[in-house]
Structure formats: C-alpha cells, structure tokens
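Data first, discussion second: the structure below is written as structure tokens.
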Amino acid sequence: MAGLNVSLCFFLATFALCQAARRAAKALLPGGSYAHFAREAAGAAQLGACCLEMRMLVELGPWAGGFGPDLLLTLVFLLLLVHGATLDGASANPTVSLQRFLLAEASLPGTLLELAAQALGVQVAGALTRLYWAWGLSDLHVLQSLMDPHCSSALRTAVPHGALLEGSCAFLLHLALLCLQGSRAVHRAPAVALLLTAAASTAGPLTSAFLNPALAALVTFHCSGHSLLEYVQVYWLGPVTGMLLAVLLYHGRLPRLFQRNLLYSQKSKYRVPRRRPVPGPRGSQTPEEGSRGREPRCRGPLSSSH
C-alpha cells in the first residue's frame with residue numbers, strides 16, 4: 001500500500017499546483033487570455049499528469065501492488081469527479097474544443113489557441129511526471145522509470161475495432177455533454193465521471209478509452225507496436241467522428257456549417273386558423289361559398305321595379 005499512498009500524494013499535489021496556477025493566472029492575466037490559454041493549459045496539465053500516474057497504477061498495480069479492479073475503478077471515478085469540479089470550465093480535450101467551435105460557441109482563433117494550450121499542457125505534464133518517476137519514491141515508480149522507454153502500445157485490438165470503440169465512447173460522451181450543457185456543475189460532473197468510468201471499464205482493456213487525442217498522443221504515440229497512422233486513426237479520427245455524429249444527432253445539423261436541419265423536419269409553430277362555416281338557409285356555407293351562391297343586388301334607383 002506504500003506505492004498507492006505515494007500515488008495519492010502525487011494526485012493531491014497535482015491538483016493543488018494546478019489550482020494555484022489557475023488562481024495566479026486569473027489574477028495576473030486579462031480575462032480573455034486566461035479563458036483561452038492559461039485555463040486550458042492548466043487543465044490539460046492536470047489531466048495529463050493524473051492520466052500517466054493512473055495508467056501506471058493500472059498496468060503495474062495488479063501484479064506489483066496487489067490492487068484489485070474495484071479499487072482502481074473507484075480511484076478513476078474519484079479522479080474524474082475532482083477533475084470535473086476543478087477544471088473551471090476548461091475542456092482539456094481537443095474534441096470538446098472542436099465541438100464548441102462547430103456549435104458556434106467559440107471563434108476559430110480562440111479554438112486554435114485552446115488546442116495549442118492543450119498540447120503545451122500535456123507536454124509539460126509528461127515531462128514533470130517522468131521526472132517525478134525518476135525520483136523512485138516507490139517500487140512502482142522505479143519499475144515505471146525502467147519500463148517507460150520501452151513502453152507497450154495501449155491499443156490491444158485491431159485498428160478498425162479500436163477506432164470503433166473510441167468513436168462509440170466519444171459519441172456517448174459528447175451526447176451526454178450536449179444533454180447536460182444546461183444543468184448545474186454539481187449534477188453534470190458526477191454524471192460525466194460515471195460515464196467515463198464505465199467507458200474505462202468496458203473499452204479500457206482494449207484501447208485504454210482515452211477519448212482525448214491529446215492524452216493519447218502523450219501516453220501511447222511514442223510506444224512501439226503500431227504506426228503513427230494507425231494511432232491517428234484510432235485516437236484522433238475515432239473521437240472526432242464520434243463527436244461529429246453526436247452533434248449531428250442532437251441538433252440535426254452542424255451549426256457552424258449548415259443552417260438547414262439535415263435530419264429533422266421543422267414544423268412551423270404558428271398554426272393557420274381554419275374558417276368556420278357560416279350557417280345559411282341552404283345549409284352550412286363558408287363566406288366565399290355564400291357570396292358565390294347569391295347574385296348581387298343593386299340598391300340604386302335604376303334597379304327599382306315598375
């Protein structure tokens with residue numbers, strides 16, 4: 001359990017440092033710069049560092065630390081719950097940033113700035129986490145430092161199957177985000193954490209269920225076993241396709257690209273009232289029918305009878 005305690009301390013230190021960085025950036029930087037860069041960089045660094053440490057526990061914990069799957073899944077859920085509560089509105093996920101752009105909620109320069117911040121954040125997290133492993137504070141970290149240069153791929157299934165799994169899980173995630181976008185954070189964070197934990201339980205043994213191109217690039221793109229093109233197909237194209245399908249299903253269109261609904265027919269909310277029939281001596285007639293059935297009478301002096 002000593003290795004688990006060291007990892008828990010690492011998680012707490014990561015959350016504390018990233019939260020301090022967010023507060024300092026919010027106090028020192030203008031609102032726009034903080035919202036588009038510093039917040040995303042801090043969120044991506046927090047997510048990347050915790051993902052690397054958690055992956056180490058999942059791979060080495062069962063046989064080197066005696067950790068069971070129930071303990072690991074509980075820890076995953078708690079980490080995701082804390083992430084949802086502390087990210088301060090940051091997506092820390094390129095597909096979520098692209099979703100906001102497609103929904104016309106973010107501009108193109110702001111989206112590109114977010115993507116750059118996310119790439120920078122995960123790279124900083126990778127460098128600092130591997131430096132922490134090199135200190136050898138636990139047996140698990142010593143083993144991880146020795147194995148990291150010769151890491152194995154997180155993709156343990158065929159490329160089409162892996163892309164389908166990542167895309168399907170990303171589809172469910174983005175559909176949940178769209179459905180919960182108007183809800184309070186206290187309700188949204190547990191729901192998203194539970195969904196991601198379920199994805200990690202089902203697709204994790206085959207693809208690690210990253211659902212995040214930045215995290216996948218940090219964790220497994222440098223590992224042997226598959227080519228860069230295969231990694232891109234599974235961990236980039238899969239989640240992006242799932243996100244596009246979720247937006248298309250929820251809105252019926254991609255708001256940034258199409259104004260017309262592509263899936264659902266839109267009915268007018270204004271109903272034209274129907275004319276009520278006018279009762280007459282020959283039955284029910286509409287005003288038009290009544291006027292057509294009677295000849296006009298002229299009331300002038302030329303029409304008087306002699």
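A Cβ is built for glycine as well, from the same backbone N, Cα and C atoms used for every other residue.
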TrEMBL annotation of transmembrane segment - which of the ranges 32-51, 192-211 it falls on: 192-211
Surrounding residues of the signal peptide (1-20) on its own chain - C-beta under 8 Å, 6+ positions past either end: 42-43, 45-46, 49-50, 53, 56-57, 61, 64-65, 67, 79, 82, 86, 132, 137-141
Contact set, same chain, for the transmembrane segment (231-250): CB under 8 Å, 6 or more residues outside the stretch: 95-96, 98-99, 102-103, 155, 159, 162-175, 178-179, 207, 210-213, 216-217, 220-221, 262-263
